[in-house]
């Protein structure tokens, strides 16, 4: 019998971000620089909000060990020098986006919906739902970062400083996702795995819709 965690991993793999046309074009050097600039500006909303997702989970967690692990992830995001938000700004600037453009960017509805989805799931009474949302995202990031770095180096001439955000997350999110998986397996003994699976699917869909906003095709995922 297939376990709920195996179902979760299969669900994520079936709609992995690397299967999206936007990232496929990125890997093949078929994106226009303006598309990358638009992406860097719009995704900034999610980058800035990510520590808030973790804070919401940390504030409501009664399990001391799990709370410490969430705090470690939060510290990775907030306390580095440079921190992860600054690394993203560095990436945007390397693409020719100005500080003023980044600060004054009007975020798309797709970006706002994505952040709202993560915030709502991380505020759910069931802690496992929020952890499942972050796991769904972070388990994909190391592979995505490998392709992003390769594309940025080969096709766009971005320096190591420019893509440092992805270098950091290529390593860090292996650890974060592994810890989140362990936390999920601890919590789901007390909580409903169906709610975790549903929350994960909502994350997959909102990520897919966000990426679709940067290309002409807005068709739903047909990779299942």
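Glycine is treated like the rest: Cβ placed from N, Cα and C.
Per Swiss-Prot, the features are:
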BINDING   77, 138, 173, 176  Fe(2+) 2 binding site
BINDING   77, 84, 169  Fe(2+) 1 binding site
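Of all the binding-site residues given, namely 77, 138, the one with the smallest number of surrounding CB atoms inside 10 A is 77. Rounded to the nearest whole angstrom, the C-alpha distance between residue 138 (Fe(2+) 2 binding site) and residue 84 (Fe(2+) 1 binding site) is 14.
Around the Cβ of residue 173 (Fe(2+) 2 binding site), 23 further Cβ atoms fall within 10 Å across all displayed protein chains. Within 8 Å of the centroid of the Cβ atoms of 77, 138, 173, 176, where the record puts Fe(2+) 2, the same chain has further Cβ atoms from 73, 76, 134, 137, 141, 169, 172, 175, 177. The binding-site residues examined here are 84, 176; by Cβ neighbour count within 10 Å, the least packed of them is 84. Under DSSP, residue 138 (Fe(2+) 2 binding site) is assigned to a helix (H, G or I) in the three-state scheme. Among the binding-site residues 77, 173, 176, the ones whose Cα sits within 10 Å of the Cα of residue 84 (Fe(2+) 1 binding site) are 77. Counting in whole angstrom, residue 176 (Fe(2+) 2 binding site) lies 10 from residue 169 (Fe(2+) 1 binding site) by their C-alpha atoms. Sequence-distant neighbours of residue 169 (Fe(2+) 1 binding site) (same chain, 6+ residues apart, CB-CB distance under 8 A): 84, 141, 142, 145.
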